[in-house]
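Below: one structure, written as structure tokens.
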């Protein structure tokens, strides 16, 4: 049978398109997980900076308190300039990439420097560490006219009309900040609290809320608020509320919420390796793994009985165990390896946060059937 010939005229555009796609893939800056700021390394710094765009670079350390305070402002800046063609917003972790920071004279954190287009000679930024001031600086130095992006808040705003319906909901765990607009400590907490709300925005059973206690004094007095900010936790089983006396860094809040609400998030809002796991079903999965096929059917039946006892998100996650066990019975144990690899490929793609949650939970449960 004759093999059909492909015209060079048809293949050339295909090769050109492929080459363009590859060039874009290799040229595209590496954005840090969970934000809109380009994460630079020792190997990528001079490939990105000093080229055909101006760059604002923050040199930071993960443990630095001033860097943590700057983070939400800098991320807001990054989101605003993400689509700008002539400038970009970047950062370097100086704990991980010491040689870069040393080369550019960084001796304290955070250090913010402007690198003009085509130059590796920086200009140190000495202004205020707010998104507004930084944007004005970048627009002046880079010749741009970018407006700051409006980032929708994930904090639920409470008042007399909705306080009881939200806070006293027996199906939800609520953290409430009672604040005053003029309070300095409240202003310091605000970006951290906003970040916390963003971390749990996909968890229906968790609500991060605040109340202007200066404006709504009756509600503040009802719950014994005498100073600002006061944080109170209203869990499903205690709608009288309990004082939150922990630390006020994002790590502290995330640890508290995970422990109290049974969630499994990190500070970037991503699910951890424990998300979706249920101890009683993990034990049955291990038993299932080591059993012969006939015995596996009996264990599957035990799993189904266990899942019936669960409620809320645990019941939903329990169904994942059942589905995986049935797939293994139908397709053999290779299913776990192939499905895990498929999920890992999907997680590398651009997918919605809710879909990423779904895939991570399934991947976590699969791990109990494969170890």
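Glycine is no exception: its Cβ is also placed from the backbone N, Cα and C atoms.
What Swiss-Prot lists as signal peptide is 1-27.
Computed over the domain 'Thioredoxin 1' (28-143), the whole-number mean pLDDT of the model equals 91. Per Swiss-Prot, domain 'Thioredoxin 1' is recorded for 28-143.
Look at Swiss-Prot and you will find 64 (among others) tagged as active site, nucleophile, backed by similarity to another entry. Under DSSP, residue 64 (active site, nucleophile) is assigned to coil, being neither helix nor strand in the three-state scheme. Residues within less than 8 Å, Cβ to Cβ, of residue 64 (active site, nucleophile) and separated from it by at least 6 positions along the same chain comprise 109, 110.
Within 10 Å of the C-beta of residue 67 (disulfide bond) we count 21 further C-beta atoms, all protein chains included. Among the features that Swiss-Prot reports, disulfide bond is placed at 64-67 (among others), with the record citing sequence analysis.
Around the Cβ of residue 65 (site 'Contributes to redox potential value'), the number of neighbouring Cβ atoms within 10 Å comes to 10. Annotation source Swiss-Prot lists site 'Contributes to redox potential value' at 65 (among others), citing similarity to another entry.
Look at Swiss-Prot and you will find 66 (among others) tagged as site 'Contributes to redox potential value', backed by similarity to another entry. A simple way to gauge crowding: the CB of residue 66 (site 'Contributes to redox potential value') has 13 other CB atoms within 10 angstroms, across all the protein chains here.
Per Swiss-Prot, active site, nucleophile is recorded for 67 (among others).
Under DSSP, residue 129 (site 'Lowers pKa of C-terminal Cys of first active site') is assigned to coil, being neither helix nor strand in the three-state scheme. The feature site 'Lowers pKa of C-terminal Cys of first active site' is assigned by Swiss-Prot to 129, with similarity to another entry given as support.
What Swiss-Prot lists as domain 'Thioredoxin 2' is 147-262, and the listing cites sequence analysis.
According to its DSSP assignment, residue 183 (active site, nucleophile) is coil. Per Swiss-Prot, the feature active site, nucleophile maps to 183 (among others); the stated evidence is similarity to another entry.
The annotation disulfide bond is assigned in Swiss-Prot to 183-186 (among others).
Marked as site 'Contributes to redox potential value' by Swiss-Prot on the basis of similarity to another entry: 184 (among others). Note on residue 184 (site 'Contributes to redox potential value'): other Cβ atoms within 10 Å of its Cβ, all shown chains, come to 9.
Per Swiss-Prot, the feature site 'Contributes to redox potential value' maps to 185 (among others); the stated evidence is similarity to another entry. Counting every protein chain shown, 13 other Cβ atoms lie within 10 Å of the Cβ of residue 185 (site 'Contributes to redox potential value').
The local packing around residue 186 (disulfide bond), expressed as other Cβ atoms within 10 Å of its Cβ over all shown chains, amounts to 21. Residues annotated as active site, nucleophile in Swiss-Prot: 186 (among others).
What Swiss-Prot lists as site 'Lowers pKa of C-terminal Cys of second active site' is 248, and the listing cites similarity to another entry. Within 10 Å of the C-beta atom of residue 248 (site 'Lowers pKa of C-terminal Cys of second active site') sit 14 other C-beta atoms, taking all shown protein chains into account.
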DSSP three-state assignment (helix, strand or coil) for residue 248 (site 'Lowers pKa of C-terminal Cys of second active site'): coil
Using Cα positions only, nearest of the recorded positions to residue 67 (disulfide bond) (129, 184, 186, 248): 129
Residue among recorded sites 65, 66, 129, 248 with Cα closest to the Cα of residue 186 (disulfide bond): 248
For residue 183 (active site, nucleophile), nearby residues of its own chain (Cβ under 8 Å, 6 or more apart in sequence): 228, 229
